[in-house]
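Undergrad: Checked Swiss-Prot, it gives:
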type   : residues : note
DOMAIN : 1-93     : domain 'Pyrin'
LIPID  : C125     : S-palmitoyl cysteine
REGION : 126-129  : region 'Required for binding to phosphatidylinositol 4-phosphate (PtdIns4P)'
DOMAIN : 135-207  : domain 'FISNA'
MOTIF  : 601-605  : motif 'KFERQ-like motif 2'
REPEAT : 823-844  : repeat 'LRR 4'
LIPID  : C832     : S-palmitoyl cysteine
LIPID  : C833     : S-palmitoyl cysteine
LIPID  : C839     : S-palmitoyl cysteine
REPEAT : 937-958  : repeat 'LRR 8'
LIPID  : C953     : S-palmitoyl cysteine
Amino acid sequence: MRMVSVRCKLARYLEDLEDIDFKKFKMHLEDYPSQKGCTSIPRGQTEKADHVDLATLMIDFNGEEKAWAMAKWIFAAINRRDLYEKAKREEPEWENANISVLSQEESLEEEWMGLLGYLSRISICRKKKDYCKKYRKYVRSKFQCIKDRNARLGESVNLNKRFTRLRLIKEHRSQQEREHELLAIGRTWAKIQDSPVSSVNLELLFDPEDQHSEPVHTVVFQGAAGIGKTILARKIMLDWASEKLYQDRFDYLFYIHCREVSLGTQRSLGDLIASCCPGPNPPIGKIVSKPSRILFLMDGFDELQGAFDEHTEALCTNWRKVERGDILLSSLIRKRLLPEASLLITTRPVALEKLQHLLGQARHVEILGFSEARRKEYFLKYFSDEQQAREAFRLIQENEILFTMCFIPLVCWIVCTGLKQQMDSGKSLARTSKTTTAVYIFFLSSLLQSQGGSQENHNSATLWGLCSLAADGIWNQKILFQECDLRNHGLQKADVSAFLRMNLFQKEVDCEKFYSFIHMTFQEFFAAMYYLLEEDNHGEMRNTPQACSKLPNRDVKVLLENYGKFEKGYLIFVVRFLFGLINQERTSYLEKKLSCKISQKIRLELLKWIEAKANAKTLQIEPSQLELFYCLYEMQEEDFVQRAMSHFPKIEIKLSTRMDHVVSSFCIENCRHVESLSLRLLHNSPKEEEEEEEVRHSHMDRSVLSDFEVAYSQGLVNYLTSSICRGIFSVLSNNWNLTELNLSGNTLGDPGMNVLCETLQQPGCNIRRLWLGQCCLSHQCCFNISSVLSNNQKLVELDLSHNALGDFGIRLLCVGLRHLFCNLKKLWLVSCCLTSASCEDLASVLSTNHSLTRLYLGENALGDSGVGILCEKVKNPHCNLQKLGLVNSGLTSGCCPALSSVLSTNQNLTHLYLQGNALGDMGVKLLCEGLLHRNCKLQVLELDNCSLTSHCCWDLSTLLTSNQSLRKLCLGNNDLGDLGVMLLCEVLKQQGCLLKSLRLCEMYFNYDTKRALETLQEEKPELTIVFEPSR
């Protein structure tokens, strides 16, 4: 390789750099590491040097081999991987031989030829830059405006003025079917609001994760339908063309409709790029010559039709080759075609799994929609009048379900459109209802305003075709329709054009032969209407040609039988809309506005379906109770809902969102026959007669939450507002059958508790068991709870665990517990921030209240002194306490004499829970004195994690042979050792030992000890031994 030849090649590489990259190259040239043995070039000489001058300077100062190495290093540093690879691939074989005079002459001629080529390329480069500017201008013009879905001819909206920022997160989320579940977006958003999830910055979308990583070449935007994927892709195009985004990274951005490409004619990638460019004969060859400077925006991967399981041989590698659209895009995605090009792909979650099979490394970004602040911003941007915007936003804020749904930009637009049309017509916003069905009905009727009798008939006939088309698409899981599909359902091209104008359909401007509903939920809405529209006198669908293929079965039983079976959950919203549409008031409204007849015949079938699901033995089947409630809520017809709810003897649902609370409140307040009501978030309700549940309850295993669950619970603060509480609690005073209420884990708070207390004192309230664990209660509500205990003789079980009641709250509570009319039998006060100061009040209750038999005080700092005070009253033979829980109460052996005294005098006490207290061997020795007394009737003793060793096993051995009442002994998580356990085994073999259950969890045994336990179990099958070697 001759020197001049190296100079020409370096100059050509430098010529490929854009102005900004060329400046970066010069900057890095100054910072080139001196340890690499290169001479730095003075800045004065490089500052004004062009490509040839700079190449010459590099070689003159450092020689051709070092100059080549410098260029490679800097290409990598400025992220020009293409030039780095090219320079690496074309690197000469360096020789030290002297160059002859003849060679120098040949080199001089070659240099002149190279310079002439350089001047020619400079001219071409200028033309290229001129075309780049022309293309950017074209993109700005094309993407600066958008058309609202109901825009009239010539109407458009400035994208920059309307666009509202969406929340993007980088973390990869679960692949649940949520494309058509608008409300599920609200749930997802609510769950992560308090979680430390960082938002994604669009400017850094293609940047490497860290300084040691490669740049990102493929980004996937995922989000449900209507969440804003397309509008975000268009905004990226506009910002790039306006020189606000990716200026240093991409020379060209091309926006590709996946739907259009997959359904269009065969073409090459060059043809596809040309279709995105202005004017004839764009420089395709020059554009694709630098694929690393190209970004393809593929919008709507989920709408891409075609197979994606081709072998790699079937893929396209030549940008000039004509192929099917799906082959072209698959080749780009799989990096067989222009592998150095970058991709930004938008898709719905349901297609993500298919996409992942095609991708290599990719950055996944999820679009979560609008935050609360952004929703307000959207309203302000949509309404030109700020006062109108604030009035509309206040209305939706008060309306929780719609406010939640407005996380989704499309729904936000629908709501704003409907409200603005009402405002413009002078109608009251109070008429706007609160369900999805009501919003869609109003939107539909606004678009189908009659224009004379003939227009009414025309709309009515077209409605038939729309509904049958929608239902056919639902059953066949089809969202794209060709003109032949429209004709098969009696829809003419003129009808479709009219509906496009009125925004019931969306027709792609560049792909006129294919149609789709503007949103999947609209298709589901029309599919639901298909089951309600009356047929004509001949029993046939109006306006449907005889050549039409077989229409979907209109039997609603078939629809309900298939509920939940579709992979994409298509039928969930169809059934919800079905319930919403049979509301008699809405039916009359629709019949008047749409000039059609809607049948009410299916009401009985829907009622039977609800009854069958309500009486199902398992709650795990589809649909869940909550989903049934959503259906009834959508209907908003109290008589029907009350009949349906009469089939729910037991309600047990988990609430996750505000919307869940609203829906459950509506249904529960219309329920008259429920016997047990559990609105739970994180806990399971305790069982009346199940020993293990009570033990678990006393141990507070249920209080162990993961960090996420805690954050999630905190994110639900104020969900149970006073108005919601009154709605839910109204059923308590009107339903004599309702005896159990579990609200554990809900943020009830003192205001909600006060509302509940009012209800509990109503004569018609028959609640016997009430669980209020972790409900954000404080001492301020204890006076009202005390009043309930004094006046409600029916309440026998109360759980107030995990509420910061404090000593003062317990003092107030004890006033009611001491009352003559208090019949409470079981009381949980676990983890209520109590100290020994509360024990005086509790002791006074034990000496006067003869109904209380179970008291759980675990997870409170009672200490030895506090327990000593309690024991003075418990040891009274007239105290009826049977079960006492003192788990993790800060006890030592100091309290054991008092406990031993209780055991030797009170024959009513049968269960004592002392886990997590440092009693030690001495404590057990003192306890055994009471346990060996003839008056002791204790059946269950739990001493897990009590700092015991093998020394206590002698005392326990004596206990096991002498005490005839003890049936269960728990010694887990103690250091008893093999010797201690073997001693117990010898005693347990004796016939005089009546123990039925021994728990030795979280303890290590050697082989001999383990074998001894197994042998004992075999020889004495009536004895259950539970042991798990520690790991």
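Count begins at 1; order follows the chain as displayed.
Placement of Cβ uses the backbone N, Cα and C atoms for every residue, glycine included.
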Undergrad: Quick test of the contact rule: Cβ under 8 Å, at least six residues beyond the ends. What residues does that give for the repeat 'LRR 4' (823-844)?
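TA: Tertiary neighbours of the repeat 'LRR 4' (823-844) are 697-698, 700, 703, 773, 789, 793-807, 809-811, 814, 817, 851-863, 865-867, 869-870, 872-873, 885, 887.
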Undergrad: Using a Cβ-Cβ cut-off of under 8 Å, list the residues of the same chain that are 6+ residues beyond the ends of the repeat 'LRR 8' (937-958) and lie near it.
TA: 695, 903, 907-921, 923-925, 928, 931, 965-977, 979-981, 983-984, 986-987, 999, 1001
Undergrad: Rounded to a whole angstrom, what is the C-alpha distance between C839 (S-palmitoyl cysteine) and C833 (S-palmitoyl cysteine)?
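TA: Distance (Cα to Cα, whole Å): 12 Å.
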Undergrad: Where else in the chain does the motif 'KFERQ-like motif 2' (601-605) make close Cβ contacts, counting only residues six or more beyond its ends and a cut-off under 8 Å?
TA: 531-532, 556-557, 560, 578, 582, 640
Undergrad: Relative to the Cβ of C833 (S-palmitoyl cysteine), which residues of the same chain, six or more apart in sequence, are found under 8 Å away?
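TA: Those within reach of C833 (S-palmitoyl cysteine), by Cβ under 8 Å and sequence separation of 6 or more, are A804, L805, G806, D807, N860.
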Undergrad: Could you tell me how many residues in the domain 'Pyrin' (1-93) are helical, how many are strand and how many are coil under DSSP?
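TA: Summed by class, the stretch gives 68 helix, 0 strand, 25 coil.
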Undergrad: How big is the Cα-to-Cα gap, in Å, between C832 (S-palmitoyl cysteine) and C953 (S-palmitoyl cysteine)?
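TA: So the alpha carbons of C832 (S-palmitoyl cysteine) and C953 (S-palmitoyl cysteine) sit roughly 34 Å from each other.
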Undergrad: Please classify the secondary structure at C839 (S-palmitoyl cysteine) using three-state DSSP.
TA: helix
Undergrad: Relative to the Cβ of C953 (S-palmitoyl cysteine), which residues of the same chain, six or more apart in sequence, are found under 8 Å away?
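TA: C953 (S-palmitoyl cysteine) has long-range Cβ partners L976, L979, G980, V981, L983, L984.
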Undergrad: Counting by DSSP secondary structure, give me helix, strand and coil numbers for the repeat 'LRR 8' (937-958).
TA: 9 helix, 4 strand, 9 coil
Undergrad: Using DSSP, what's the helix, strand and coil tally for the repeat 'LRR 4' (823-844)?
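TA: Grouping H, G, I as helix and E, B as strand yields 9 helix, 4 strand, 9 coil.
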Undergrad: Just to be sure I understand the packing, how many Cβ atoms besides its own are within 10 Å of the Cβ of C839 (S-palmitoyl cysteine)?
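TA: C839 (S-palmitoyl cysteine) is surrounded by 26 other Cβ atoms within 10 Å.
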